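Presented below is the structure to which this report refers.
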Amino acid sequence: MARLRKAGLPVLPGQSHVLPVMAGDVHLRRRISEALLEPHGISVQPIDDPTVPRGGERLRITPSPLRTETHRRALVEALVEDRSRLGRGEVSLAARPRPHRDAQEVTDMLANVDALLLARWQFGFTVAFHIVFPAFSIGLASYLMVLEGLWLATGRQVFIDLFRYWIKIFAIGFAMGVVSGLVMSYQFGTNWSVYADKTGPVLGPLMAYEVLSAFFLEAGFLGVMLFGMTKVGPRLHFLATLMVAVGTFFSAFWILSVNSWMQTPQGYATNDAGQFVPADWWAIVFNPSFPYRLVHMVLAAYLTTALVVGAVGAWHLLRDRTNEGARTMFSMAMWMLAVVAPLQILAGDAHGLNTLEHQPTKVMAMEGHYRSHPDGAPLILFGLPDQEAGTVRYAVEVPKLSSLILKHGLDEPLKGLDSVPRENWPPVPVVFWSFRVMVGLGMLMLLLGCLSLLARYKGKLYQWAALHRFALAMGPAGFVAVVAGWITTEVGRQPFTVYGLLRTAESASPLHAPAVAASLTAFVLVYFAVFGMGTVYILHLMAKSPHRGERGIEPGAPIRTAGITPAPWSTATAPSTRPSEEPTMLANVDLSVVWALIIAFAVFAYIVMDGFDLGIGILFPAFRPGHERDTAMNSIAPVWDGNETWLVLGGGGLFAVFPLAYAVIMPALYAPIIAMLLGLIFRGVAFEFRWRDPGHRALWDVAFTGGSVVAALAQGITLGALLQGIKVEGRAYAGGWWDWLTPFSLLVGLGIVCGYALLGATWLVMRTEGSLQDRSRTFSLWLGAATVAVIAAVSAATPFLEGKYWERWFAMPNVLLTAQVPLLVAVASFLFFRLLRGGAERTPFLLALGLFLLSFVGLGISIFPDIVPGRITIWEAAAPHSSQVFLLVGASVLIPVILIYTAYSYWVFRGKVDAAGYH
């Protein structure tokens, strides 16, 4: 009966359970009635409730006495198992023995299970790859800041030499972290749409703050950091390096706040739609585990970097003990290791005690404690956990030491997993061993730090070859420990995505297994190929000895720069305070409209800025190898990653303030969105790698072009599919998996490809000279004609997609206003061709942007106020008012600041460019 109570369902005769049924779940009541009412005498009655959204209802489920205990247990098992899918009407609430299922039902059930498992694999795989890059970037950005600061303070050449040595490695690692992070930001919607819908009002604003305060900060200043040594003064350049380092810390702050809330949620309430909504933002951001996890992760990043720097220094000391750069980097790394490793052990111990308080089940799995120990628990050093038998086989134990560590007393009792329902157990073997890998490597880090102190004391830090070999072997240990720690944290939280509140099985998108299997396969192949090559290039750079007069990023070798009606409050909220309903200064402002405009601005900013980047990639094969291709790439080198960041803000803003739309759109457009992400990965890393691997430059040029074409085409198909309509039932996508692929969506995709190529060509007309400028001018004429033709075709087809579109454009008196849009398109097109033929350089680019702006206005005329055209309005999809206010306060300050330093970055790198770049 405890399991049934935990599931939130009635257990006694006459005890009722009230179940909200959303619009679109009209078949749910019939299923409940057929499964329960007749076989077991359970009453299912609708309740009049004016707070239920339109089209929905509330049901009262009341069980009558059950005849036998066996029958009661059978019903309990069925209720608990089907509870997670009951609210969406996907399964019936049936007792054992179940009614007969036909073959198709069984196939569909198995397909759903497989899709969930594959979605978990995909998320785990991509996160495991991604996490190592931010960990390295956080520590290395701080190291670069220290090196440049020491150079300014002391004037010693060795510090600026090491800065130039490591900045090349930092640029590649940072780039791989950015493109893998882009995948993560969209994967919440594509694979975990229910999770996105339910947690969006709380977690969405936090993730948006990460983009606003960290992503843009890194993107805006990294261009100056990489390219600006000769463009700005040394102190201003140091400020850029400092801002990049601060940006990486801000990124860690917000992402760990998000993840920590998933581990130890507080400060929330719930509404009738099942969403978590903010009640106390301070409690949400600074949740119980956040301070411990932030310190633990930042120290792990510093240790990871120290081990890598120390390994590189040791490698070169083994070859030349007199190399000043190798001696300096090795000494600095060993100091960091000696100081931070003990601090990390203390931080880890405090984090473990916090976890014991708030997530005891995770600690039970980490310790391998299947049984409770009332008189003191042993520390299990090693063993083979047996999940089925509930024991650790061949255990090597230290009696009562676990109680001493966790409770600070030898005889203190510790509960085991036998005190937890088995369905709430995490996968113990995985957590048990990942925790030991992390701790074991931590002990080796401490040992290395202590040995370095001993060597320093004896004056043998640069002569002790055994120490150097040990440091070299420990080079990858930080990455392994970070991944092991992540596995411990995330797998230990299972079977929940939000600990104790939202199960993983309830969080996934309504995807079919073949779709997820295809995307997982693509990610595995691309990640191993692309990031494997990136690792090879980094190792190649590390193998080169640092020397006096070290050059930074080579001239002509640009590096990527980070350049439904809102549900009312439920009377039964979570164990947190109810959100305040007091009026605020913004209480009478329609924030949904404000945020729709902000997100529209972010999307258009992406089109304006990243459109010409993608366009240059699309046109790349038409340029001559060598001078022309190098010049084209150099024209966007300092700014293009910052441009791409607007795409993250658009998606992140949608998650933050319109979580329902995010949860519907992402799985509906799963295939084109995954294709876009893969294209952006290829495009980003190919931009880097073509300079690092001259022997395969032609291959990376193809990857650069292919990634640009695929990303642009996928964005256009996504827009076209959204415009033609998405099938929605309740709060989820209900269409087929190929609904996005239509002649209209392909037409829009073709238009975006042509339009981006036009922006790229006109950008090069403005920024280059000579043969490349002449070639780009010719391309602009042809692409301008193609773009105008596609705009006309799409404009002619759009009114026939929805009756509302036709009415917006052609009904009186609307037509008097809407007719101005095509008229302005015609005027802009005429001026474009006239000025382009007349030799103008800047105005053709601005007029090409004008064509996009007018198309954007036309899109708004067609769909506003819908955010899922014809299905969901911005007000129905909006997050609670408190979520919108919380994010708007920061955005109103940060977005103007972002625009200012983005404009400054463009100003610094203004003017014509050639194949030599900005050096």
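Keep in mind that glycine also has a Cβ here, set from the backbone N, Cα and C atoms.
TrEMBL annotations:
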DOMAIN    2-79  domain 'Aminotransferase class I/classII large'
TRANSMEM  127-153  transmembrane segment
TRANSMEM  165-186  transmembrane segment
TRANSMEM  206-229  transmembrane segment
TRANSMEM  236-256  transmembrane segment
TRANSMEM  330-347  transmembrane segment
TRANSMEM  430-454  transmembrane segment
TRANSMEM  466-487  transmembrane segment
TRANSMEM  516-539  transmembrane segment
TRANSMEM  586-609  transmembrane segment
TRANSMEM  660-686  transmembrane segment
TRANSMEM  698-723  transmembrane segment
TRANSMEM  743-766  transmembrane segment
| message | Under 8 Å between C-beta atoms and at least six residues away from its ends: which parts of the chain pack against the transmembrane segment (236-256)? | response | 134, 137-138, 141-142, 144-145, 148-149, 152, 206-207, 209-210, 213-215, 217-218, 220-222, 224-225, 228-229, 290, 293-294, 297-298, 301, 562
| field | Cβ contacts the transmembrane segment (430-454)/the transmembrane segment (165-186), at least three under 8 Å, sequence gap 6 or more | value | no
| field | For the transmembrane segment (660-686), distant same-chain residues with Cβ under 8 A (at least six beyond the ends) | value | 175-176, 178-180, 182-183, 186, 188-191, 193-194, 196-197, 200, 204, 509-511, 515, 519, 522-523, 526, 530-531, 533-534, 560, 564, 614, 617, 641, 644, 651, 654, 700-701, 703-704, 706-715, 717-718, 721-722, 726-728, 731-733, 735, 737, 739-741, 867-868, 871-872, 876-877
| note | Mean per-residue pLDDT in the domain 'Aminotransferase class I/classII large' (2-79) works out to 44
